[in-house]
Amino acid sequence: MILECDIGNTRCKWRVVDGDQVVERGSFALADGFENLVLTSQPKRVRVASVVEGDNLAGFTRFCAERGFSPELAHSTAESAGVVSAYNEAAKLGVDRWLGAVAGYKRIQGAVLVIDAGTALKADLVSAAGQHLGGYIAPGIALMESSLLAGTDKVRFDRQDYTAGVAFGCATADAVNAGMLAAQVGAVAVAIEEAKRRIPEGFAILLTGGDSVSIYKALGEAHEIEIVPELVLDGLQWLLP
Ligand SMILES: Nc1ncnc2c1ncn2[C@@H]1O[C@H](COP(=O)(O)OP(=O)(O)O)[C@@H](O)[C@H]1O
Ligand SMILES: CC(C)(COP(=O)(O)O)[C@@H](O)C(=O)NCCC(=O)O
Ligand SMILES: [K+]
């Protein structure tokens, strides 16, 4: 059995796999600490994707040390499992993006656009030949909200008090939430247009990350998109076989 962890800037998503069976899974906010990762199974290996480091990984290091785990950390490389990085400095590509690109390419076995809506909104395009063609990094919904709050005096509202969707808002909460969602959906729509320009023959679109469902709903039915909640975790088997 293997414990797999996807440690993002906001949340840790984890599961224990036994071959291709998922034995247990969970997620928690990083700020709440790794005492929230409660295992009932006894994994022998730990594979990790982390985009945080230093003090922010201290809780995870302690979690592993207390259980005698020697975690194996995935890294972005110039080539993995038939996918070639677009980055000149391949190690600088976020490992979550690299895992998503590799897992997406393996899943589709062809050209794929991977959208990951987490702390940041990411897009990554891979060609049918496995060439990564680069991508986007933009603030995600929660980062947009915190930057609006930090940079203004009067954008203040009750977090609960809004209607979901991109309809024009007639109160601050609605205007902000619709505007942020529109920005996400707009970036995804432009990513799809840019991907069409690069790969006119066509490509699959995969969507993952904590905000994937709200973006999926707001995108409408113009695009055929598959939501794959654990795409980053799926990539670990290819980088750390
Ligand atoms: N249960 C939840 N707790 C916190 N955030 C959630 C939850 N479900 C969805 N979200 C949304 O998902 C985002 C985090 O997505 P995620 O893919 O886990 O990010 P990251 O990998 O960057 O930590 C949050 O900003 C929030 O908008
Ligand atoms: C862009 C990211 C911050 C996204 O992190 P996340 O939203 O998953 O928490 C992460 O992929 C990262 O740290 N990337 C390094 C820069 C790059 O990919 O070019
Ligand atoms: K992530």
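Backbone N, Cα and C atoms are what each Cβ position is placed from, and that goes for glycine too.
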Pick from Thr119, Thr152, Thr163: which one does TrEMBL list with Asp6, Ile7, Gly8, Asn9, Thr10, Arg11, Cys12, Lys13 for the same ATP site?
Thr119
Can you list the residues of the same chain, besides Asp6, Ile7, Gly8, Asn9, Thr10, Arg11, Cys12, Lys13, Thr119, whose Cβ falls within 8 Å of the ATP site's Cβ centroid?
Leu30, Val51, Val52, Gly118, Gly210
Whole-number answer please: how many Å between the C-alpha atoms of Thr10 (ATP binding site) and Asp96 (active site, proton acceptor)?
13
For Arg97 (substrate binding site), just count the other CB atoms lying within 10 A of its CB, please.
25
Kindly assign Asp96 (active site, proton acceptor) to one of the three DSSP-derived states: helix, strand or coil.
helix
Return the residue, from the listed binding-site residues Thr10, Thr119, with the maximum count of other C-beta atoms within 10 angstroms of its C-beta.
Thr119
